[in-house]
């Protein structure tokens, strides 16, 4: 392993983490702007041009706030909870293929922190660990509302992970791989998986809302019942970590949706661009294409938040266990039959 490879990977890893954090930060600004647009308001417009410096102002505010710690028997777990939630949100970005290779300085640089064969399985494993961050934070807060919110979040996320995993089986039966890069490469042009697996896409999209605790599945932190949910007792940057993790998860789930079902970094005419314009230009445009798809899904997340009311908890569980899981199993059966008959 030469030093150039170590430097290359270090730069890519730092860039990927920086991109994830930057998108999570500016998603807060976008959320407020989208809410203002849908409610016929202006939104944040004081800090910088168009309010573009508002995320920095919010970050400084959180840094400067006083930290309150409840009278809890385990202060270590109170600190570990938000750290786990934040860490798992960033770790999932490591296997996302942000584009194809760039040829720079005589080397082929992969726009991915690491390319592993079981990337999809890695994402499911890391996301499941994120449940511990919420559960530990709620339990260590020594507050009944925090604990109730944490239990809700844990049961919701575990329940919808089942449906999400089953929705992926039908897609994996078609692609034959767990590698996100290979799945993306198979969708060159407009050969997108969403046209072949619309049911898997719909189930995965609904489960993504539940996994990120977004409206209409934000039962873990609904203000009318649980004050602030599992982060009721948190303040300053500990609370900021929980909020940051939510937007980072929203960004990563949007990237996964774009890669699995909408071609990832592929776009119509990409092969022509490679042959006639150049590999680097074509692949930079591929990164921009993926970024546009991700922004489209992020806007959809925010649009849904301000247009659809919150479900009741029994409706949430009914949808997950009695509708989505049977539908995902039926989709697996239909996909298997179609592969046997037509492939």
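Cβ from N, Cα, C; glycine included.
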Among 43-63, 190-210, indicate the range for which Swiss-Prot gives the feature transmembrane segment. 190-210
Does the transmembrane segment (243-263) reach the transmembrane segment (323-343) with at least 3 CB pairs under 8 A, where each pair is 6 or more residues apart? no
Taking 5-25, 76-96, 119-139, 190-210, 284-304 as candidates, which has the most Cβ pairs under 8 Å with the transmembrane segment (158-178)? 190-210
Tertiary contacts of the transmembrane segment (5-25) (same chain, 6+ residues out, Cβ under 8 Å): 55, 59, 89-90, 93-94, 96, 98, 107, 109-113, 244, 247-248, 250-252, 294
Selected stretch (most C-beta pairs under 8 A with the transmembrane segment (119-139)) from 76-96, 190-210, 284-304: 76-96
